[in-house]
2 protein chains.
Amino acid sequence: MTDLLLATRNPGKLVELRRMLDSAQIAGIRVLGLADLPPFPEEPETGATFAENALAKARDAAKATGLASVADDSGLAVDALGGMPGVLSARWSGRHGDDRANLELVLGQLADVPDERRGAAFVCAAALVVPGGEDIVVHGEWTGRLIREPRGTNGFGYDPIFVSDGEDRTSAELAPEEKDALSHRGRAMRALLPHLQALTGR
Amino acid sequence: MTDLLLATRNPGKLVELRRMLDSAQIAGIRVLGLADLPPFPEEPETGATFAENALAKARDAAKATGLASVADDSGLAVDALGGMPGVLSARWSGRHGDDRANLELVLGQLADVPDERRGAAFVCAAALVVPGGEDIVVHGEWTGRLIREPRGTNGFGYDPIFVSDGEDRTSAELAPEEKDALSHRGRAMRALLPHLQALTGR
């Protein structure tokens with residue numbers, strides 16, 4: 001049995017990553033969360049890109065634990081905000097992890113932005129760091145648009161204001177398995193699966 | 001005597017534009033503000049670029065008053081925010097015109113951004129619309145960096161956190177004539193001067 005550490009402290013991300021790995025049913029892998037291990041030092045997320053942050057988190061975790069470690073960094077890239085909040089998505093309002101304040105701020109900033117300029121994409125970089133092995137970074141993107149009032153209670157972050165291309169429901173109104181099939185994180189994790197499967201063959 | 005209308009309701013901008021035109025001493029031009037005229041309908045600023053907004057404001061004013069009209073749209077483009085707040089500078093916090101809230105939000109968003117990635121530029125587009133004449137749009141840019149605590153009481157907007165290249169003082173610590181010599185708005189207005197001088201020869 002190979003241990004794989006999901007190196008995230010974001011409860012919403014942890015739920016989704018676990019769910020995706022469970023549904024992928026990779027034989028011979030046991031998934032651990034940070035809560036299953038003693039604490040270790042982590043650097044603050046100050047990278048300029050999702051990939052840089054994901055890799056730094058996975059490296060910190062792999063170094064401290066000796067385990068193969070997966071980390072993700074992800075966020076919302078809003079066209080009318082020049083691609084931001086981007087890597088600052090979790091602290092856009094200046095208050096780290098305050099989903100509601102971050103979402104309300106984006107809505108306020110876009111109050112006068114007309115419907116045809118409300119395009120946005122969720123973007124995810126997922127990194128796998130295997131001690132003594134290669135570092136791998138993959139990307140996933142989910143394109144859509146932002147509405148004017150939050151709707152739905154699933155998911156987290158900006159889900160209540162994001163409507164996927166081809167959908168009328170927000171991503172907080174999608175069932176978990178529907179979200180995973182479309183989402184940036186789902187796409188990135190599927191791109192990572194072959195590398196995770198390869199772990200068990202070591 | 002040719003009348004020239006400064007089509008701005010931002011008191012900080014009006015002070016600066018008047019000061020620059022006064023110091024340029026263009027013979028034969030009388031400068032009016034919006035407060036000198038009866039009110040007229042103005043479209044909200046929803047353009048995607050400074051130039052689009054400046055031109056729309058100058059056109060609204062020229063159409064309503066029949067006067068040659070100058071308008072500016074300007075803002076702060078922060079490298080680590082993908083060039084934002086940009087056209088949303090005056091309402092970045094979601095509260096239009098709340099300089100302090102907007103500035104504090106940028107500082108909060110940049111709290112973890114290291115010094116070497118705190119570059120920023122003030123950008124200005126200035127438009128001159130002359131009824132029956134050509135529309136002219138010029139640009140000015142002022143490059144520098146953002147500090148972590150506001151300093152100084154001159155100017156307005158993001159001046160207390162912006163330090164020009166080659167300076168140690170914030171733009172809110174510069175004397176008015178020092179700011180005009182360096183600023184985005186000063187550069188744009190100087191680019192507009194030949195066109196303003198040409199007005200008096202009509």
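Any Cβ shown, glycine's included, is placed from N, Cα and C.
What TrEMBL says about a protein is an automatic prediction, not a curated fact.
Since this is a predicted model, take the numbers as computed values, not measurements.
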* Name the one residue among B:S74, B:S93 that TrEMBL lists for the same substrate site as B:T8, B:R9, B:N10, B:P11, B:G12, B:K13, B:F156, B:G157, B:Y158, B:D159, B:K179, B:H184, B:R185. => B:S74
* Structure fact -> For B:H184 (substrate binding site), the three-state DSSP class is helix
* Would you count the other CB atoms within 10 A of the CB of B:N10 (substrate binding site), including those on all shown protein chains? => 15
* Asked: What are the non-local neighbours of B:H184 (substrate binding site), defined as same-chain residues 6+ apart in sequence with CB under 8 A from its CB?
  -> B:S74, B:A121, B:F122, B:V123, B:C124, B:G140, B:E141, B:W142
* Asked: Which residues in the same chain, at least 6 apart in sequence, have a Cβ under 8 Å from the Cβ of B:G12 (substrate binding site)?
  -> B:G155, B:F156, B:G157
* Tell me, by DSSP, whether B:G12 (substrate binding site) is helix, strand or coil? -> helix
* To do: Calculate the distance in Å between the alpha carbons (Cα) of B:T8 (substrate binding site) and B:D73 (active site, proton acceptor), and round it to a whole number.
  => 9
